[in-house]
């Protein structure tokens, strides 16, 4: 540990938390992400569609394809003048390639104009209108708008509506595009919110990105601010840039288009504020360095950064406010060394100004200022319980170990006193973790106590063997005393071997060896005690109940004897005999179930008896019916 009075060293650890004013971006394109996106778009052309995604996607990122002439030749050689989609890809691609002009015949022009019809799907109308616009051919915007509006009534999917927005951005500004613009609000209502951070269509990221790009392109075209809240824009941004690797060209193209729209439109430019360097950078001076950029990690040239206020996270006291950052290269810096902040956490509220388009431009930064802790006034004492002998006190200086041993027994207590100070400022410190650990040199047993400061911030630990015997299991011996100091804001956590302490407990309270030896011996067997069966009713009650149950049967026999039983139609055919025997067997099975069987056993037997009885009874009744018909 550096001695007191050494030069101050601050440790800045920075994290961004959500601003209370607005949602903070959690995803954006870092410089590495932008290069990865460019690599995803820079692929060999396989057809006109892939060429369109590569050429226009790279153009959105401000990059030309490596070989413009070769790309133009590929477009011309693969163009099908009789296909609207082919014409769309060629027109949009050639438009961003310098010096790539494609001549169009009258037949092709008529083909494109004919495709702008309410009988065509919206995708076809979009491709035709964009192709006419790309080739610089005249277009009746009102007629195209009428066809587009008519088709919107028939196609209500999210994709069709987004393509309608894309189409409208190619129409004349004099056309009444209000109905198309109103579709933006309807699309926003169809977005799904995830955890208050993300906003997307259930169709996925690609369509969400195309919606953002189409919305801002159309709003720039008509000169109207989009009907989206700032938080919704940030949620859409978080969704679009949450993915860093792309499986298809079309997905990479959609993300590039959305990134260009969010960084260059006339209404909303999300601000990305990133602390420079790692969150564990050590600085010789207390300097907060911030990189301020758009979603493409491009520096905002017009930005002006200002500290609104800095508050202690513990006390909420304001320690700094209304302080501008200075621009050094592309980094904004705030030097607050002169403020001499004590160690701890501080909440810095930073605002980016300079352009009315900036959104998410107020962020909260959690700044951790670390320091070094010093241990002073360390006293080790043995205090007589009867106070008949004056305390023996020994002062120790960190990191040395106290000479000799200290004794704590039934006659005297052991005490440790110390103070913790900030090495850089001399201020008193109260770290979160201040422990005293006693380690038995023979058995390895460890006992840990918390050291608490008093009202003067003097830490005290006192060991009374009569009160602490439970924690030690009354195990006497020589213990090594360690002092442990730790805190998230401390640069130098401390583990200090302070002294050796001999602790003696009364012999009769020594730890039981029987307990330790019996840990792995068989335990006494646990005998399960079943619940006593419930008392059965007296035999008289049971017999009376049985007689009542059988009384209807006795009555039946008595009536048969008196009026006679009609058995004239009884035959001794096999089906008749089997039916009656089966019926009797089922009644007998019920008795056996009552006395011996369980439900599942009974059901198996009953299934066999029931099947035989049913078949025999069915045969018996059929024979009886035939016999009655014959008579």
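In case you wondered, yes, glycine gets a Cβ from its N, Cα and C as well.
According to Swiss-Prot, the listed position annotated as N-linked glycosylation site out of 106, 566 is 106.
According to Swiss-Prot, residue 241 and residue 594 sit on the same side of the membrane. Swiss-Prot lists transmembrane segment at one of the ranges 509-529, 572-592, namely 572-592.
As a summary of secondary structure, the topological domain 'Lumenal' (593-596) carries 3 helix, 0 strand, 1 coil according to DSSP. Annotation for residue 106 (N-linked glycosylation site): no spatial neighbours, criterion Cβ-Cβ under 8 Å with sequence separation of six or more. Summarising model confidence by region, the topological domain 'Lumenal' (23-540) averages a pLDDT of 87.
Beyond its flanks by at least six residues, the topological domain 'Lumenal' (593-596) meets 602 of its own chain at Cβ-Cβ distances under 8 Å.
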